Amino acid sequence: MNPLALTIFLLSLAIGTTITLSSFHWLLAWIGLEINTLAIIPLMTKTPHPRAIEAATKYFLTQAAASALILFSSLINAWQTGEWNINSLTDLPMNALSIAIMMKLGLAPLHFWMPEVLQGISLPTGLILSTWQKIAPMTLLLQTSHLLNLNLTIALGLTSILIGGWGGISQTQIRKIMAFSSIGHLGWIVVILKFNPLLSLFNFMLYIIMTTAMFMALIAMSTTKMSQISTSWSKTPALSASTMLVMLSLAGLPPLTGFAPKLLITLELVKQNATLLASMIMLISLLALFFYLRLTYIITLTLPPNTPNSLLIWRTPSKSLPPTAIMNILALTLLPLA
């Protein structure tokens, strides 16, 4: 892609997110979300492959439907209350709005577009879709967290954790696994959203750090399938070892960074007398732990046939190494440092 065009699209992404973050009016928030959606579609189709075109089409249709629902419910709310203020919402528009925003985020059961879209696009665009694109809708949810319907958030959060674990087990494509991982993590974030919005924000920030580290490692190793990951150890042992630890961090194993949000969310739920809910989400997240452990097993404990030690190739693209190393350190050591 032309560097000028790429710069324009990335700037549009930044501007769209900034507009939504700084808006106090539903129309402005909607405009920011639309700029975000329209800026990422050319990035998805920069490799003119049928899968990429299909992914961009699916993404556009679902995001357009969610945006229409946001506009419709904020219009109904303005009709009822006479205000476009983000915080002045009545019950019915609030439920419709939160469902539309969760559809934009890719929470279950509105998640069907997410694995398909992520599978059809390149890893760098997948990184933007999994992290940057979620900032604006998540901010809107955080701003309206005190108005959310508790039963709705818990139901969607639980469903997302379940689908995120269950869906990832049967996958061999790493991008689809990352999509289901994203759905599961967003489930954890949404479950606690009504109880403690600050904890949700903390969890979301750590999710962005860990997902960025994982995608950057995959980009550096140029791997998109499990079969490619199994041969990565003989090519880049150091990067493979750190990627394995990032996967365990995403799984939430102590003493890595990913353990912090799970521990704090469980403690908060127990404090709120929701012990049964805390037990359920911990049990369900064992499903996700299974596929992360399977990935770590494949990346570290399997060696491809016919690779004598004398022919090991120690190579990693030098440009991508420093940022990947920084993100890996953040994704692994934030809990011990704290």
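Yeah, the Cβs are placed from backbone N, Cα and C, and that goes for glycine too.
Now, the feature entries from TrEMBL:
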type     : residues : note
DOMAIN   : 25-284   : domain 'NADH:quinone oxidoreductase/Mrp antiporter transmembrane'
TRANSMEM : 56-76    : transmembrane segment
TRANSMEM : 96-114   : transmembrane segment
TRANSMEM : 148-170  : transmembrane segment
TRANSMEM : 177-195  : transmembrane segment
TRANSMEM : 201-224  : transmembrane segment
TRANSMEM : 236-254  : transmembrane segment
TRANSMEM : 274-293  : transmembrane segment
DOMAIN   : 289-337  : domain 'NADH dehydrogenase subunit 2 C-terminal'
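Ranked by number of Cβ pairs under 8 Å to the transmembrane segment (148-170), the listed stretches 56-76, 96-114, 177-195, 236-254, 274-293 are led by 177-195. For the transmembrane segment (96-114), the most Cβ-contacting stretch among 56-76, 177-195, 274-293 is 56-76 (pairs under 8 Å).
If one looks beyond the transmembrane segment (56-76) by at least 6 residues along the same chain, the residues whose Cβ comes under 8 Å of a Cβ in the stretch are 26-27, 29-30, 33-34, 37, 40-41, 44-45, 84, 92-94, 96-97, 99-101, 103-104, 113, 116-117, 120-121, 129.
The average pLDDT computed over the domain 'NADH dehydrogenase subunit 2 C-terminal' (289-337) stands at 76.
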